[in-house]
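If you look up Swiss-Prot, you'll see 172-175, 256-263, 298-301 marked as GTP binding site. Taken from Swiss-Prot, the feature coiled coil covers 58-114, and the record attributes it to sequence analysis. Look at Swiss-Prot and you will find 1-45 tagged as compositional bias 'Basic residues'. Per Swiss-Prot, the feature compositional bias 'Basic and acidic residues' maps to 64-107, 501-523. What Swiss-Prot records for 465-497 is compositional bias 'Acidic residues'. What Swiss-Prot records for 524-534 is compositional bias 'Polar residues'. The feature domain 'CP-type G' is assigned by Swiss-Prot to 125-305, with sequence analysis given as support. If you look up Swiss-Prot, you'll see 1-118, 459-548 marked as region 'Disordered'.
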Amino acid sequence: MKRPKLKKGSKRLSCHKRYKIQKKVREHNRKARKEAKKSGTRKQKKEISVPNNAPFKAEILQEAQRRRQQEEELKQNRKLERQKEVAKRRKLDEKKKKNSEKREKRDNKKNKGTKAAESAEVVSCRHVNKVLEQSDVVLEVLDARDPLGSRCAQAEEAVLKSPNKRLLLLLNKADLVPRDVLEKWLQVLTAELPTVPFRCLPQAPSKSPGKKHKVPNTADLCTENRCPGGQVLLRILHSLCPSQSDAIKVGVIGFANVGKSSVINSLKQSHVCNVGPTKGTTRVLQEVRLDPQIRMLDSPALVVSPQNAPLAVMLRSVSDCNVDVLAAVSAILKHCSKQELMLHYTLPDYRNSLECVTLLAQRRGLLKKGGVPDTEAAGRLLFNDWMGVRMKYYCQPPDSPGVQPHITKEVTAAMSSGICSEQLAQDNASTLKALKCPSPANLVVFTSVGPTGAIMDERQLVEPEPIEEELEANDGEEDVEEEHEGSEEEEDEEVEQEVVSAKEQEVVSAKEQEVVSAKEQDSKSAGPSVSFDQAQEDDAYDFNTDFV
């Protein structure tokens, strides 16, 4: 309270009020310290300053700086070690996760068993064997452009093992070969087995192959004018029936893209089998009833053996996914006439297959960015033309027919029994007259690579449980990789340690040089020299004697 006639009031307080204020101040400071501790803001430590009149001030400051740098390096090294440990743990967790996933996959594969190992080739081989077992007469469909290359000795041997089965050859696509060449092929093949030339009706891909779609505007599709060879084949099949009441099953076999399903559609006069421009359309066995006495069995394509020539594998295999286009084109060009191919594509003279494909790309405008010829696209174009109908080619029959080891005179007589050879020759001659054969000038002569081998036993396609061996090998590889990674990490750590030690040595040497230079300067300025090492050795330091 301000006293009268005085400018300032008294600072005297009651003890109760003073103690109360002090208590509030203490509480406030305590809360402030607590908040500062939570927020992480701490009081900066007061730097230890060295007085100017202290001896060896430069050395002391350098020593303090060196210790600070060492502490900082230790912090960085600890941080790197922690990061490495975290990365190692993360890698271990990822490896454990991958191993658990692989174990699950391994268990699933074991549970599935052999069903998971089955492929499309195994299924095709199985259905072909079913057709051979159920058939009374086997009809092997050959491509008239290359009859020798589309013939399979393994399938013929499988048919001839059973004495009650008959084997016939059907020379399909007979309208794509010159007439004189076709006559020579008929003479060669008929000397071994009964052979019938055939031309299928134009086939349209059926959207629903299960239904029978009648072809419009065709009263009699299987006449000699529309389907040459159809009546001859039906007559032979009817003659092989044991009686009018008994029906026979005729199995149709052959390699891919020879026209097995098209033959059945032409004989049935409707689209009962699925057909398409791609190979391997038929995947399973299909039974079609032509009449009360004949039942046709459509089969998948024969599985090509990988031991054949590369060109035979490319031309006869079902899948074209793994085909090297440029290698296939190179093999095709080696087996066909160069001049005829140049005339067909209007190309100049070329030296090798790569130059041919390059010229074809320039001719057709197949260019990449910058006008570079697209050889891959040109090779695919030539390969597709050869596999399709755009490239018209044929093979010359051999001068001396080769003797097939499984075809003997007894086999030929047994297969021809019940079939009049003279009548068959007359029917084939009339079929050739009904065909519209092309001129040899418009075709390319192709050299056949010989008969194509097939795989008839599905056990040759299924490997005996390779899953466990592969997984064990993979585990071994992973262990080797882990050891390799561990050794690499150890080497990296050793290199890092060497680098760090080298850096430390450099820093220490630099500091020693600085200390020496500082000593020289101090000695010059101070006059009498004082040994710092001696001072370190003497623990008792006397300021009265050593410091002036």
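Using the three backbone atoms N, Cα and C, a Cβ is placed for every residue, glycine included.
Its own atom aside, the Cβ of S262 (GTP binding site) has 21 Cβ atoms within 10 angstroms in the protein chains shown.
With a cut-off of 8 Å between CB atoms and residues at least 6 apart in sequence, the same chain places V141, L142, D143, S150, N172, K173 near V258 (GTP binding site), listed in sequence order.
Secondary structure at A174 (GTP binding site), taken from DSSP and collapsed to helix, strand or coil, is helix. Broken down by DSSP into helix, strand and coil, the compositional bias 'Basic and acidic residues' (64-107) contains 44 helix, 0 strand, 0 coil. In the structure as shown, the Cβ atom of A174 (GTP binding site) sits within 10 Å of 27 other Cβ atoms. Under DSSP, V258 (GTP binding site) is assigned to coil, being neither helix nor strand in the three-state scheme. N172 (GTP binding site) is surrounded by 26 other CB atoms, counting those within 10 A of its CB over all protein chains shown.
For the region 'Disordered' (1-118), the DSSP-based tally of helix, strand and coil residues reads 84 helix, 0 strand, 34 coil. With a 10 A radius on its CB, D298 (GTP binding site) counts 23 other CB atoms from all the protein chains.
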